[in-house]
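Straight from Swiss-Prot, the features:
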type     : residues              : note
BINDING  : C99, C101, C110, H114 : [2Fe-2S] cluster binding site
TOPO_DOM : 1-37                  : topological domain 'Lumenal'
TOPO_DOM : 61-135                : topological domain 'Cytoplasmic'
TRANSMEM : 38-60                 : transmembrane segment
Amino acid sequence: MVLEILARVIKVQLPAYLKRLPVPDSIAGFIRLTVSEWLRLLPFLGVLALLGYLAIRPFLPKKKQQKDSLINLKIQKENPKVVNEIDIEDLRIAKVAYCRCWRSKTFPVCDGSHNKHNELTGDNVGPLILKKKEV
């Protein structure tokens, strides 16, 4: 059933569609096409453009991977790593470090990913450490 439909589209409908297209005999004939004729040509030209792009895409230059950008642009730039430690009385666990570089695989908990980021970019971002306040 599916192959019959596909065969009908390829053998009957596609040739009939191509015969009805208003393709001019010369390049100058494209200037004389009306708006409705251009609209009838648009799907065909779109498919041709897509096929052309897919044909040349393997030969196009690859995009360069963008270098990591700095996260901390101005806070405590004189320190090698910005780490803030906050004492909280109601904290259930003794100490927890939260990520501020957005690169942690265990986000929101810090896993030390900022160290590699800092090496690559020269940044000084570090975690936010919450510590249980000793009463």
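A Cβ is built for glycine as well, from the same backbone N, Cα and C atoms used for every other residue.
For the recorded site, C101 ([2Fe-2S] cluster binding site), the DSSP three-state label reads coil. Residue counts for the topological domain 'Lumenal' (1-37) under DSSP, split into helix (H, G, I), strand (E, B) and coil, are 26 helix, 0 strand, 11 coil. In this structure, C110 ([2Fe-2S] cluster binding site) belongs to neither helix nor strand by DSSP; it is coil. Here the topological domain 'Lumenal' (1-37) has Cβ contacts under 8 Å with residues 44 of the same chain, all six or more residues outside its ends. In the predicted model, residues of the topological domain 'Lumenal' (1-37) average a pLDDT of 91.
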